[in-house]
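Visitor: If you look up TrEMBL, you'll see 22-209 marked as domain 'Peptidase S26'. What TrEMBL lists as transmembrane segment is 24-43. TrEMBL lists Ser52, Lys118 with the feature active site.
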Amino acid sequence: MAIVSGRDGEPGDKKSLWGTLREFAIIIVIALIVSWALKTFVVRSFHIPSASMEQTLQVGDRVMVNQLFFNDVERGDVVVFDDPGGWLEPGVAAQYEPNPVLVFVGLQPADAGTQLIKRVIGVGGDTIECCDDAGTLMVNGEPIDESAYLQPGVTPSDVPFSVEVPEDHYWVMGDNRSNSLDSRYNTDAEGGPFVSDDNVVGEVFVINWPMDRLRWMGGDEPAFDGVPDAGEG
């Protein structure tokens, strides 16, 4: 009669444990690689540090940015872009200290200190003016009703201007118009007042933190529905 003792099973148990640990390690590595690929090529998370986009985006919000699967940038889109040159004060980037672990898994950008977030008001070829007799912003001669994203009582701009946007560039403004150093205030900046298409990181498509602020963004902004294309007005 063969008798199987507890010790006879130990080598098999050790082998089984080793196999389980190895499979677990492989899964972790694959998950990290997938996370890295997603944050590098598809989506990235950004933290909102200032009030320039209130009330649409508030200080402390975290947003996800679509870097790959988005259509051409359109009027009304909220986009993240690299500083065109001279928009940010010297030393701002140096103040940002990302957590390397969060950066690797895509929960925090490595270079957020050199990027901004604003709303696209005009695309290449557009003529943007502020303001008409009613105090309304105009794009290609069409008055824009911005009440959907401007707080009550906020004027479209305290600074009058009239500009034509170069091709493959954008005119951007913050929703908190009195507290946003956007295209209006960078006419003399090194990179000029327009954002090049090459500088656009991606379009914001969701506020993902805090949870009570969770909501989808993106899609057509109705304020610009009646705007004719450049040259058609």
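Placement of Cβ uses the backbone N, Cα and C atoms for every residue, glycine included.
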Visitor: Where Ser52 (active site) and Lys118 (active site) are concerned, what is their Cα separation in Å, rounded?
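Guide: Taking the Cα atoms only, Ser52 (active site) lies 8 Å from Lys118 (active site).
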Visitor: For Lys118 (active site), list the number of other Cβ atoms lying within 10 Å of its Cβ atom.
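Guide: Cβ-Cβ neighbours of Lys118 (active site) within 10 Å number 24.
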Visitor: Taking the Cβ of Ser52 (active site) as centre, how many other Cβ atoms lie within 10 Å?
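Guide: There are 21 such Cβ atoms around Ser52 (active site).
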